[in-house]
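Trainee: In case it helps, Swiss-Prot gives these features for our protein:
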- 32-52: transmembrane segment (TRANSMEM)
- 35: heme c binding site (BINDING)
- 86, 187: heme b 2 binding site (BINDING)
- 90-110: transmembrane segment (TRANSMEM)
- 100, 202: heme b 1 binding site (BINDING)
- 116-136: transmembrane segment (TRANSMEM)
- 186-206: transmembrane segment (TRANSMEM)
């Protein structure tokens, strides 16, 4: 086993990486509220795992979506648990994200030289909210249908471009199969990919600049 480790150590310098991670200085003023970003990340990872598991059973069509969710909850092995964890962690992720943004703002973590960290964080917050909107529509139940109809209808009040924006969001003039397909694609592919990209920008900047000091 040691020979295998030595082989990787010689090429990747694993010990140096481990030492850098474990020896990072943590300011004395840091408390549990500075863990909110990490908790949000943990919730996101839970979302990815449970969401991936549900894609094996979920069918993104207006005629089968609701029935497939019922199947997950009543027939699939541990499906009820996986979907419940997905819902609970989704709510927790939104809550932790909001608290994290407030903590950073109230402690001045957005100030120089951390402006870019703040910008990427705000983008991640918007992406988190987008997860909620797109995911809410996927069960194709009454609550999800009317929520999507209202949310996608908001831009209609904008002069000139309002109606085209609504059609762009829905895929048609009304909420239907095109809307479900778009929201499913956004929820399972586009948003996770964008979130991963901005996380890969966000965390190295935190690592490089360190945690902001007390006010």
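Each residue, glycine too, has its Cβ placed from N, Cα and C.
Tell me about the setting of these features in this model.
Mentor: DSSP classifies residue 35 (heme c binding site) as helix under the three-state reduction.
In the three-state DSSP scheme, residue 86 (heme b 2 binding site) is classed as helix.
With a threshold of 8 Å between CB atoms, the same-chain residues lying at least 6 positions outside the transmembrane segment (90-110) that come near it are 33-34, 36-37, 39-40, 43-44, 47, 117-118, 121-122, 124-125, 128-129, 131-132, 135, 211-212, 214-215.
Here residue 202 (heme b 1 binding site) comes close to 117, 120, 121, 124: these same-chain residues lie at least six apart in sequence, with C-beta atoms under 8 angstroms from its C-beta. Reduced to three states, the DSSP call for residue 202 (heme b 1 binding site) is helix.
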Trainee: Looking at the binding-site residues 86, 100, 187, whose Cα is closest in space to that of residue 35 (heme c binding site)?
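Mentor: Result for residue 35 (heme c binding site): the nearest of the binding-site residues is 100.
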Trainee: Give the number of CB atoms, excluding that of residue 86 (heme b 2 binding site) itself, located within 10 Å of its CB.
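Mentor: So the Cβ neighbour count for residue 86 (heme b 2 binding site) comes to 19.
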Trainee: Just to verify a number: CA distance, residue 86 (heme b 2 binding site) to residue 100 (heme b 1 binding site), in angstrom, no decimals.
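Mentor: Residue 86 (heme b 2 binding site) to residue 100 (heme b 1 binding site), Cα-Cα distance: 20 Å.
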Trainee: Provide, as an integer number of angstrom, the distance between the C-alpha atoms of residue 100 (heme b 1 binding site) and residue 187 (heme b 2 binding site).
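Mentor: Answer for this pair: 22 Å between alpha carbons.
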